[in-house]
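TrEMBL lists B:1-38 with the feature region 'Disordered'. Residues or ranges marked as domain 'Cation-transporting P-type ATPase N-terminal' in TrEMBL: B:51-125. Taken from TrEMBL, the feature transmembrane segment applies to B:105-126, B:138-158, B:300-324, B:330-353, B:853-880, B:961-981, B:993-1010.
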Amino acid sequence: MWAMLQTLNDEVPKYRDQIPSPGLMVFPKPPSALEYTYSMSKPLTYEKFTEDLKRFLEPYSLEEQKNLTNCPDGAPFKQNGPVYQACQFPVSLLQNCSGMSDTDFGYSKGQPCVLVKMNRIIELMPDGSPQIICDTKDAGIANILTYPDRGLIDLKYFPYYGKKRHVGYRQPLVAVQVIFESNATKKEVTVECKIGGTYNLKTQDDRDKFLGRVVFKVLVST
Amino acid sequence: MEPEREQSIAIPQRNESPRPSLKPVTLNKNLHKRRKKKKDLEELKEEVAMDDHKLTLDELSAKYSVDLTMGHSLKDAQKILVLTGPNSLTPIPTIPNWIKFCKQLFGGFSLLLWTGSFLCFLAYGINLHYNEKNEKDNLYVGVVLAVVVLVTGCFSYYQESKSSKIMESFKNMVPQQALVIRDGERMQINVKDVVLGDLVEVKGGDQIPADVRLISAQGCKVDNSCLTGESEPQARCPDCTHENPLETKNIIFFSTNCVEGTARGVVIATGDNTVMGRIASLTSGLTMGQTPIAVEIEHFIHLITAVAVFLGVSFFSLSLILGYGWLDAVIFLIGIIVANVPEGLLATVTVCLTLTAKRMARKNCLVKNLEAVETLGSTSTICSDKTGTLTQNRMTVAHLWFDKTVYEADTSEDHTTGKTFPKSSDTWFYLARIAGLCNRADFKPHQESVPIAKRGTTGDASESALLKFIEQSYNSVNEMRQKNPKVAEIPFNSTNKYQMSIHLLEDNPHAHMLMMKGAPERILDFCSSFLLNGQEYPMDEEMKTDFQNAYLELGGMGERVLGFCFLNLPSNFSKGFQFDTDEINFPMENLCFTGLISMIDPPRTAVPDAVSKCRSAGIKVIMVTGDHPITAKAIAKSVGIISEGNETAEDMAARLNIPVSEVNSRSLKAIVVHGSELKDMVSEELDDILKSYREIVFARTSPQQKLIIVEGCQRLGSIVAVTGDGVNDSPALKKADIGIAMGITGSDVSKQAADMILLDDNFASIVTGVEEGRLIFDNLKKSIAYTLTSNIPEITPFLLFIILSIPLPLGTITILCIDLGTDMVPAISLAYETPESDIMKRLPRNPKTDNLVNHRLIGMAYGQIGMVQALAGFFSYFVILAENGFKPLDLLGIRLYWDDQSLNDLEDSYGQQWTYEQRKVVEYTCHTSFFISIVIVQWADLIICKTRRNSLFKQGMKNKILLFGLFEETILAAILSYTPGMDVALRMYPLKINWWFCAIPYSVLIFIYDESRKLIIRRRPGGWLEKETYY
């Protein structure tokens, strides 16, 4: 067993063929199913969400990222080591959902923010200009806003070189804000996000509902 | 069979245990009933007590208050019928087929699997009710277990249903119509209505309607073969010829056949009171104990259940301590118990037994009841019939005495001994002539191509023996008869004890010669001269003494001796003389004595070998025969049942010239017990005989006594095999641990009561059967050891899943793939393994101590080899996870996150994030590789299970089925892993080639480990290692 462990590479796992394409996941993670259910008038029901978000975004503060590289936009940030640098991801990109202007991330106003992120996979390199496209089928109930605009993820955050080599790597984030129509009687909406703008990442898999896509539900009561 | 009821017959005290009863009244009633039943059964075992054959006709008439010419009046008959009930056998309450089927489904091993199945459904139900998650694994296992039980149940039901139809054949034997005389009129009535004392008439072709005491008979012959197994039709007359009602000639028995002639008699027993009825009720009332293998399987189930419950409960507590909820703990508990159930073993055992049964059938042992296959192997006592089993069932000339010399004839089955005698002597010429001419036996036509010894003949056994002998060693008898035509004869009868015929002579066509044969002492009375080397000498004392000595010598060898003499009739009785055999108008005295010929039913050629094999195998062979003690002893000695140098009390008394009572019985090893002695013995005395003598012959025994002997042996803890052919043997056959019926001479009823049928009636086949039985016991051990071993690598993943909270290393479906897929053929192939040493050179196993599955076997399989196998599995599991990014240490405690379907960004040791489905695919790949690792270590396990003591290098790899098994399990594993679509169907994924090699070092380790263990066992017999690990 020990001998087996010695043969392992510390930086890159031997096989990556089991994860050829990343999954999408939301943050904060509701306790069981992906349902954001809370009441605007009862802060306790959403406190956990906002707390989680705050904690999650801490590493993304300017203070925390000052040692990171300000990489050039629009191109993959390929490196050959032995020292790997991580690119800054200014939290301000998340605009309304950055927590800077609204520490409640819109929850208290009934316009909750949810972060969507693409799973990290070592040396994954998306084609084109990847973006997270979010939509809802429940038209007329809510508008879905994404930050940065159009949910674009800059190529400079790719490729990822692994926990060991790529210290300080900031996973690029896309925030989704659900803004209910003022006349909507029932504030319940299902949001589907998927990866777009790229060809080599799968978004359709019969069995894996999270491969390149994610579906979550937002249910806000007064 | 109804074990509950019958057990209480055997041990009625059981009901008296101070078990609180809600209904004491009914219990007492039942108890009473059961006691009565037991008493009845004891009664049935007693001898047939009947004195009707000894009564005079008047006494008979008085006893049954019947007129011996007019019969009963109609009214009386009616009254008696009401009183005694119909003349038919009480039908046994038959067990409906569905109950028999259920017994197959719920007996022994099946029960274990059902319990497992039920627990699975329970776990599934709990899961479904409390967790909405749709875990169908438990459901699948439950269904698969149920299917396995159903399929094997149907299989064994089908095997069993072919047998056990005893009562049905008794039923078929009941005749339909009977001719009775009532009120002086003959009338045809239904056999059911025949009553005690009825006057009945039977004629050739009829079935006897009841037990009948004859009052008159004309040439009546009955075929008692269905009762006694004697195939010769026997003459019946109104005279009492024997004390024993079964032997006397004036009684004919219910449901036997009248072959020829007519007879009239008085009904002395009807229905269940007839001899046949008693046997029928005795047979059906007997308990059949559990077969040894059933006991072993029960023992095994206890062990396995104990292990399962122990593991289950300890991990139940452990999981509670670790902080799992009650519900999870219960599901774990069930899961662990179920994982311990060896799903494939029931099928494996059944198939192994079936295979051996087939192999035995090829060796002329047809096994009706699968479990009996092994019983034969554990047999420690064989009670064998003499006639037909030990002997050829063919009277053959064994010795000749002429010219004052005893000559030996060739009695072997194929005449290979080449024994010969001076055929040039003139005395032989006369002797052969008399034997051939004064002989009514004849060959059946169209048998020219058949060897003489095997040709069918008409006529009585001794005459046929002479006929064949003369045909073989002298000349064609037919030709001789044509040349010397018979002009008159007096046939043999039991009062004359001789047979006489007068022939024209071929060398002197006008002269007659009178020839006579018969009981030697009668023949000697007729003679005034004797022939020596072709010369006639007057009879003298010296000759008479010689004759007596020869007669005693031959008779003492248990042979049937006939004397031969002749007389050349004077010329006034030349050709054309009208001989009157009733008035005897010719001289029949002063004959010339020629010689003696003695005959015996010789032992089969292969029997002495077989008996000595039994002896070296520690099996006691007891001869039980209806024959005379002298004949019985002679045969026993010639086949080695009484071994050379051992003498009975009588022998020793004769040798030392002291009375039998003074012989020190402690110094004796052999005994011949007479049926009449046995009759007066209490069971302790019998036990004493069975215990203290190694070589026992029971002679002149009745069928009931056979049963008593069997029970005696069983009381002493022996596993008893009994051979038999007649209906009368069926109680003993059924009572025996394994009843062996004769395929050729056996009656249908005996075949049905038996567990095994000897197709060639040859004792030697039993021995090959024993060999097969012992082999399968050894091989089943190996098979079970092999199968059980993989249980550990199947259970441990689940245990570590609970304790270490790692992703599940081996799934339920893969476990089933092992148990019911890859392990099956290899396990079965072990049934083909050749014995390691001469299994016929060791003692029969002791059913109490030498178990099929003991703690050593479990210890080896579970504690040692199984553990190494588990290591192999876990190794490949960790390798795959680590190579995909999850290092072993990071796996600890990951279970809750791993199995959370909504958690789709689980981070591995390298910072990569996995969706639920992605990591599940890796997990299932691990299951597949764990599965394949088990297959690979099972290679080694299979190879080490081939032997229990010997090195593989001695045993070799000659078992082709086993090689096929190795190949098959590997191919099957590859198919399961690589077939497209398996990911959907069974959730098995293709493995990278190098993951196959993970387990190979462990495979080698297992092999080396076990070879060294066996080496030490061989080097230090009786040592600690042997005591602890030799199973």
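Placement of Cβ uses the backbone N, Cα and C atoms for every residue, glycine included.
Sequence-distant contacts of the transmembrane segment (B:105-126), counting only residues of its own chain at least 6 positions beyond either end whose CB sits under 8 Å from a CB of the stretch, comprise 135-136, 138-139, 141-143, 145-146, 148-150, 152-153, 157, 294, 297-298, 301, 304-305, 327, 330-331, 334-335, 337-338, 341, 343, 345-346, 349. Within the domain 'Cation-transporting P-type ATPase N-terminal' (B:51-125), the DSSP-based counts of helix, strand and coil residues read 48 helix, 3 strand, 24 coil. Contact between the transmembrane segment (B:993-1010) and the transmembrane segment (B:138-158) is not supported: fewer than 3 Cβ pairs lie under 8 Å, counting only residues 6 or more apart in sequence. Using a cut-off of 8 Å between Cβ atoms, the transmembrane segment (B:300-324) and the transmembrane segment (B:961-981) share fewer than three residue pairs, counting only pairs 6 or more apart in sequence. B:138-158 is the stretch from B:138-158, B:853-880, B:961-981 with the greatest number of Cβ pairs below 8 Å to the transmembrane segment (B:330-353). In the predicted model, residues of the domain 'Cation-transporting P-type ATPase N-terminal' (B:51-125) average a pLDDT of 80.
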